[in-house]
Amino acid sequence: MALPGPAVFGPGSRGSLDEAGAEGREAAALAAAGVALEDEEEDDGRRGLLRWDGFSAWLHCVCVVGFDLELGQAVEVIYPQHSKLTDKEKTNICYLSFPDSNSGCLGDTQFCFRFRQSSGRRVSLHCLLDEFDKDLPVYLKKDPAYFYGYVYFRQVRDKTLKRGYFQKSLVLISKLPYIHFFHTVLKQIAPEYFEKNEPYLEAACNDVDRWPAPVPGKTLHLPIMGLVMKVRIPTCHDKPGTTQMVQLTQQADTHTSIILPTVHEVDLFRCFCPVFLHSQMLWELVLLGEPLVVMAPSPSESSETVLALVNCISPLKYFSDFRPYFTIHDSEFKEYTTRTQAPPSVILGVTNPFFAKTLQHWPHIIRIGDLKPAGEIPKQVKVKKLKNLKTLDSKPGVYTSYKPYLNRDEEIIKQLQKGIQQKRPSEAQSVILRRYFLELTQSFIIPLERYVASLMPLQKSISPWKSPPQLRQFLPEEFMKTLEKTGPQLTSGIKGDWIGLYRQFLKSPNFDGWFKTRRKEMTQKLEALHLEALCEEDLLLWIQKHTEVETVDLVLKLKNKLLQAGRESLPVKPDTVEKLRTHIDAIILALPDDLQGILLKTGMT
């Protein structure tokens with residue numbers, strides 16, 4: 001199937017998406033979500049699109065964004081054609097796929113952006129991937145409200161064009177936060193695409209459609225235009241801070257393989273290098289969800305630095321919004337730059353000088369220069385007062401009046417400085433810095449984990465004939481009292497006002513998100529234990545002492561328990577589920593024939 005001639009979509013565009021194709025895309029999503037379709041025509045459309053299920057597990061669509069003299073930045077191609085994007089989403093993609101004009105990015109540039117999914121979608125694409133989400137670390141789970149855009153932008157002089165420059169971006173739109181993986185994919189396909197155009201893009205998309213599903217924990221072999229990428233997506237069961245390396249097999253095609261040591265991590269030290277003296281303070285700001293702006297000379301620097309900041313509190317998830325690259329055209333521009341209220345909990349990466357004035361009321365601003373290649377170390381920036389920041393041309397520095405709660409760890413600074421003097425590779429420095437952040441985060445979170453675990457009711461309080469007991473309430477003062485004996489001092493030598501840091505954290509979006517996640521996990525555990533308790537009962541003996549109405553009610557409740565276990569992915573052993581099914585079947589068979597028939601006809605078994 002050949003691609004048609006490019007249709008242009010963008011700000012002020014005269015084109016429109018093929019609505020039938022868009023409806024078909026939604027039909028595929030509905031089908032995957034288990035939502036019934038209303039008529040035969042839609043059902044036929046769904047069956048015709050099943051071939052794109054493999055593609056949809058990895059990508060929402062691929063866009064080509066070019067510069068039109070009449071329309072400005074415009075989406076020239078969306079592939080597959082049935083992919084659905086709203087006008088608002090297309091406008092955001094248009095502006096976020098090009099560097100600001102002041103960046104002067106000649107040649108090839110790669111960066112990443114993140115944008116809000118338009119409201120009003122009946123079924124979001126993320127429903128296709130939920131089955132894999134449960135095994136992912138929390139920081140790699142998809143956010144149903146956001147898309148990622150991975151960009152390969154080319155700008156070269158071309159005298160044959162009126163504008164004098166060839167300017168085009170190949171953009172991968174995905175729900176998956178696999179930054180390193182998608183940048184690697186773009187490195188393989190974008191240069192060839194700019195030479196060979198649409199037929200090459202179609203062939204690459206067909207390759208993606210044949211990929212296995214993104215299952216966490218498995219070594220995946222992903223062919224793309226003659227090469228094979230070998231990757232492993234982490235699982236929530238991996239030990240934090242360890243990387244399960246993909247092994248190179250002794251096969252004839254080894255010379256064509258690319259082995260990715262990570263799917264999501266950025267070069268942490270390269271990003272923190274200009275500010276590594278203040279890395280612990282930045283860790284605190286990110287942990288507390290403070291409003292933070294990264295002002296950088298190009299989208300590459302801004303996006304890498306924002307992603308490094310978000311990554312520094314791993315394995316905690318950063319629950320607030322973050323925008324690796326943000327422009328004045330963004331649909332949330334007014335929301336995030338208004339002075340009528342306090343700046344929101346968000347990390348923004350910007351390159352336009354206009355932001356130096358627009359965001360000067362924000363409490364924490366990082367101004368960085370060009371990130372140096374590995375081996376070249378920029379001069380360390382200082383912490384400066386916010387009033388000294390007037391323009392984006394201001395000197396690099398961390399502009400804030402924030403006073404850290406913890407004393408600076410001089411040991412990590414000495415370690416990194418020694419690495420600089422010895423010309424230690426950036427990758428090795430990143431390992432040291434990542435381990436430091438991990439140990440710091442774990443020292444902080446372990447006391448919280450220990451206290452939250454104590455909120456779980458005792459297993460002996462779970463009765464099969466009563467609703468599962470509730471978790472005890474989280475009481476901040478009760479938690480604070482536990483810190484004297486089981487606080488972070490057990491695992492960290494860093495001194496300072498840990499209590500003050502905890503008090504501030506308990507008010508933050510990161511605590512709110514973390515606690516909601518833990519509470520959900522513990523509630524599901526209680527439901528699973530309740531299910532196991534039911535399975536251990538002699539239910540046939542129970543029904544002998546109760547009426548038929550009570551027995552039917554029990555069957556319906558047990559069926560609902562089974563449905564809940566599947567729907568919510570409760571941590572129930574397979575043999576427990578099988579045991580419960582056997583109980584249900586035995587109870588139904590003990591009922592009169594007419595009741596058996598009713599339960600069977602209504603699909604209750």
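Each residue, glycine too, has its Cβ placed from N, Cα and C.
Worth saying up front: this structure is predicted, and the values here are computed from it rather than measured.
In Swiss-Prot, the region 'Disordered' annotation falls on 1-20 of the listed ranges 1-20, 421-440, 461-480.
If you compare Ser124, Ser320, Ser331 in Swiss-Prot, the phosphoserine annotation sits on Ser124.
On the 0 to 100 pLDDT scale, the domain 'cDENN' (265-390) averages 87 in the predicted structure.
For Lys507 (N6-methyllysine), applying a Cβ distance below 8 Å and a minimum sequence separation of six or more within one chain yields no residues. DSSP labels the residues of the domain 'dDENN' (392-525) in these numbers: 82 helix, 6 strand, 46 coil.
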